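Read the structure below first, then the notes.
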Amino acid sequence: MKIALGSDHAGLPLKKEIIEHLQNKGMEIKDFGTYTEASCDYPEFALKVAEEVTAQNYEFGILVCGTGIGISIAANKVPGIRAAVCGDTFSAHACRQHNNANILALGQRVVGVGLALDIVDIFLETEFEGDRHQRRIDKISEIEKKYCK
Ligand code: RB5
């Protein structure tokens with residue numbers, strides 16, 4: 001499984017923990033930045049990871065900022081991206097099963113490392129259920145077609 005990762009400065013320490021965790025599991029990962037603790041702007045990294053996921057170069061993306069909110073809002077502007085902020089394992093499960101989320105967003109200032117790694121594992125292991133959920137995702141795509149010109 002190939003995973004694209006990105007963060008701003010506020011999410012950098014948690015992103016490093018996630019990278020180590022995924023590498024220990026033998027996953028192929030690429031970190032699209034940021035690489036230093038210098039203050040930076042999360043939309044830049046959201047865009048890079050979102051474009052890699054929609055180009056199908058990576059199966060999933062994982063983004064980290066202070067809250068997970070800003071970076072997910074930015075990623076969700078890219079058509080085809082369904083980024084979900086998760087602060088609990090139930091949401092990590094549900095956003096894959098029901099929403100076919102293709103990017104997981106985490107808040108370094110919200111979740112501890114242990115919970116974050118559990119969320120990551122559940123997100124990556126859970127399959128999309130399809131069926132009625134696909135119909136709803138198709139309706140999201142219709143909204144994109146209407147407004148993303
Ligand atoms: C950076 O201070 C912080 O605003 C950012 O990481 C994120 O939490 C925004 O949503």
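Cβ atoms here come from the backbone N, Cα and C positions, even for glycine.
Cβ neighbour count for R109 (D-ribulose 5-phosphate binding site) (all protein chains, 10 Å cutoff from its Cβ): 11. Here TrEMBL flags D8, H9, G66, T67, G68, I69, G70, N99, R109, R132, R136 as D-ribulose 5-phosphate binding site.
According to its DSSP assignment, C65 (active site, proton acceptor) is in a strand. All protein chains considered, the CB of C65 (active site, proton acceptor) has 31 other CB atoms within 10 Å. Annotation source TrEMBL lists active site, proton acceptor at C65.
For H98, the entry in TrEMBL reads active site, proton donor. Annotation note: H98 (active site, proton donor) sits in a coil segment as assigned by DSSP.
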Could you check which of the recorded positions D8, C65, G66, G68, G70, R136 have their CB within less than 6 A of ligand 1?
D8, C65, G66, G70
In the structure shown, which of the recorded positions H98, R136 has the fewest Cβ neighbours within 10 Å?
R136
If you measure G70 (D-ribulose 5-phosphate binding site) to H98 (active site, proton donor) at Cα, how many Å is it?
22
Set of same-chain residues at least 6 away whose C-beta sits under 8 angstroms from G66 (D-ribulose 5-phosphate binding site):
D8, A10, G11, G107, Q108, R109
Alpha-carbon distance [R136 (D-ribulose 5-phosphate binding site); H98 (active site, proton donor)] in Å:
9
